[in-house]
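Going by TrEMBL, these are the annotated features:
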{"type": "SIGNAL", "residues": "1-28", "note": "signal peptide"}
{"type": "DOMAIN", "residues": "97-183", "note": "domain 'Saposin B-type'"}
{"type": "DISULFID", "residues": "Cys132-Cys143", "note": "disulfide bond"}
{"type": "BINDING", "residues": "Asp222, His224, Asp295, His478", "note": "Zn(2+) 1 binding site"}
{"type": "DISULFID", "residues": "Cys237-Cys242", "note": "disulfide bond"}
{"type": "DISULFID", "residues": "Cys243-Cys266", "note": "disulfide bond"}
{"type": "BINDING", "residues": "Asp295, Asn335, His443, His476", "note": "Zn(2+) 2 binding site"}
{"type": "DISULFID", "residues": "Cys403-Cys450", "note": "disulfide bond"}
{"type": "DISULFID", "residues": "Cys604-Cys608", "note": "disulfide bond"}
Amino acid sequence: MKCQVSVLLGAALLCLLVLVLQPSTVRGDRLQPKGYKQTVEKLQKFYASFEQQVSREFRRWKQQGTMTPHFRHLIAASAIGKSERAQEIRELPTAREGPLCAICRGFGGSVLEFRREGASREEVFNTTVELCTMLNLQEESICRGLIELNIDTILYIVDNRPELSSASLCAVVFQSGACVLDDPTFTEWQVELDPNGTPVTASKAGTPQRGPNDLKIVQITDLHFDPNYRPGYNAECGAPACCRESQGVPEDPAAGAGHWGDYRNCDTPWNAVEDLLDRVAEEHADADFIYHTGDIIDHGIWETSIGYNVRSISRVVEKFRQTFGETPVYNILGNHEAHPTNVYELGEVTRPDFSTNWLYHLSADLWSQWLPQAAQQTIRLGGYYTALVCPGFRVIALNNNDCYTFNWWILFQPDALKGQLQWLHDVLLQAERAGEKVHILAHLPISSDCFSVWQREYRRILERFRDTISAQFHGHTHKDEFNVFYASESPEHAVGVAWNGGSGTSHTNVNPNYVVYYVNPETYEVTDFESYAYNLTSANMSPDERPAWFRMYSFQEEYGLSDLSPAGVDAMIQRLGTPAGRDELRRYWEYKVKLADASLATDCTEECLLNHLCEIVTNQADDLRKCQELSETFFD
């Protein structure tokens with residue numbers, strides 16, 4: 001990247017941030033370049049300088065009513081590219097960490113000051129809409145809708161936490177190495193662990209290959225049903241969700257939405273939701289259980305409402321009820337089920353209009369036919385529960401959306417996150433004493449955008465109860481992938497595996513899929529799984545015919561594993577982390593995007609493949625030891 005001499009200080013600063021964070025010698029976005037920590041320390045001075053510049057120019061704007069040319073240059077230099085709008089923060093390259101943190105601290109800090117100096121709700125609203133649009137975060141109508149939905153929550157937090165700084169706010173949201181969190185309010189809380197655990201001295205071994213008596217569990221996740229989806233409507237609208245009735249029919253037919261879904265930023269039409277559930281019931285009628293791991297609501301995050309969400313949730317859960325009959329369905333909540341999206345109340349909040357109780361009570365009612373009466377209490381309290389499936393086997397269903405870094409309530413009372421984690425610990429302790437094995441369901445993968453302190457505490461719990469926890473199941477990323485956990489003090493030892501069910505939606509650049517797991521009936525460990533999908537391109541060419549679902553692969557067959565235990569999967573990862581394992585790693589990536597034409601067309605370089613390998617072994621934002629270890633063998 002080249003810096004133009006004529007660009008003002010703000011642009012020069014951002015350009016410098018990109019240069020110093022660019023991983024020039026180490027390949028892979030999950031990897032940090034040499035001297036990264038020292039560079040980050042130096043960046044704090046640049047952040048302070050940039051904040052001061054933006055604050056000074058912001059004040060002039062508010063006092064004089066017009067923006068100076070310098071302020072406009074700062075905004076123009078800070079504006080993001082449209083391609084970044086659709087990406088999760090975890091998907092952005094390391095080189096963007098510094099600039100994004102600086103933008104957040106500079107402009108976010110100015111708005112924070114503005115409110116604390118007496119700005120009204122209307123003034124803050126109009127100001128943030130204008131900045132959101134000029135910084136190219138979204139189109140103006142979407143900025144306006146998103147801010148309207150979230151402003152009251154954020155103002156409540158700002159008004160009631162006068163010590164909250166822009167540095168802490170941005171560090172929680174972006175959770176990157178370049179955004180340092182040094183506020184003990186956020187970091188100094190812990191779950192109280194039972195002291196009777198044993199040290200980790202080896203990777204956890206497990207059940208051998210699948211057998212004829214294995215249980216069969218189907219995971220369905222991230223359906224993202226969009227009641228506004230219309231075939232033929234604009235799939236290239238630039239919003240978080242396209243293909244919608246309000247976005248019109250494009251002049252170019254190629255930009256129109258497909259009948260069964262679309263690879264672009266589009267969610268799932270009802271006919272595709274019905275087909276997926278019907279196909280599971282038809283092809284896997286012998287399934288013992290269904291795990292439904294959240295995200296029913298679409299990506300129209302700027303225009304949700306409680307009524308809108310209730311209608312979609314109720315319709316989808318009713319379809320589950322009609323389709324699967326007596327087969328137990330274990331549901332959990334996704335981050336999109338809340339209104340506003342991602343926002344799950346935490347802490348001692350006095351305003352009833354901020355409560356998430358409407359969603360918890362709705363869920364308790366809709367899920368009741370599949371659950372014991374005792375589960376009602378915790379569902380109504382916080383959207384989580386446990387159920388004894390059969391003697392010796394228990395499901396724990398978490399609502400870990402509270403740890404999502406875009407859940408603003410983390411900023412209000414961070415230690416309130418401890419409540420559900422302590423409950424998880426206590427249920428696992430009881431299960432251990434009763435000799436039960438446990439499956440944990442959680443929408444957010446622990447490695448995916450969960451607040452780092454929550455990640456730290458979850459890992460402590462997992463390590464303590466590694467012999468009780470037989471499997472973990474996640475959603476959220478829309479990718480067919482998995483995550484391996486390693487002991488904190490002995491990272492050479494693998495202690496757990498979490499499987500991700502992919503998504504029923506094709507948003508974005510993936511094929512719809514579901515997963516069938518085979519589970520040992522004594523240890524309740526996963527012995528194999530099969531992923532099923534259909535090619536969206538082919539399906540849309542025949543809109544009058546049902547999609548042609550096919551078995552993409554069997555995990556055990558594809559990778560030649562003797563078992564899918566943490567030890568067995570870790571051995572596979574070590575193989576994939578060498579040049580000899582490159583073809584296997586490429587196949588892993590192809591299956592991860594579910595053989596979607598739109599993704600395969602972009603290919604995946606060696607650096608890209610290393611990044612995907614690193615994502616398997618990274619489950620805490622500030623712990624990249626396993627990734628660095630794999631990088632040392634990757635290019636040998």
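Don't overthink the numbers, they just go from 1 along the chain as shown.
Cβ atoms here come from the backbone N, Cα and C positions, even for glycine.
Proximity note: of the listed binding-site residues (Asp222, His224, Asp295, Asn335, His478), His224 have a CA within 10 Å of the CA of Cys266 (disulfide bond), given in sequence order.
On a Cα basis, Cys242 (disulfide bond) lies 26 Å away from Cys604 (disulfide bond). Taking the centre of the Cβ atoms of Asp295, Asn335, His443, His476 as the Zn(2+) 2 site, the nearby residues of that chain (Cβ within 8 Å, site residues left out) are Thr221, Asp222, Thr293, Gly294, Leu333, Gly334, His336, Asn401, Leu444, Gly475.
Sparsest Cβ environment among the disulfide-bonded residues Cys132, Cys242, Cys243, Cys608 (other Cβ atoms counted within 10 Å): Cys608. Of the candidate recorded positions, Cys143, Cys237, Asp295, Cys608, the one lying closest to Cys403 (disulfide bond) when CA atoms are compared is Asp295.
Proximity to Asp222 (Zn(2+) 1 binding site), defined by a C-alpha to C-alpha distance within 10 angstroms, is shown by the following recorded positions from Cys143, Cys237, Cys242, Cys243, His443, His476: His443, His476. Within its own chain, Cys143 (disulfide bond) has Thr128, Val129, Cys132, Thr133, Leu137 as residues 6 or more apart in sequence whose C-beta sits under 8 angstroms from its own. Ranking the recorded positions Asn335, Cys450, His478 by Cα distance from Cys242 (disulfide bond) puts His478 first.
Here nothing among the recorded positions His224, Cys237, Cys243 falls inside 10 Å of the CA of His443 (Zn(2+) 2 binding site). Within 10 Å of Cys237 (disulfide bond), counting C-alpha to C-alpha distances, fall the following of the recorded positions His224, Cys243, Asp295, His476, His478: Cys243. Each residue contributes its Cα atom, and for Cys243 (disulfide bond) and His224 (Zn(2+) 1 binding site) those atoms are 13 Å apart. The recorded positions listed here (Asp295, Cys450, Cys608) include Asp295 as those with a Cα within 10 A of the Cα of His476 (Zn(2+) 2 binding site).
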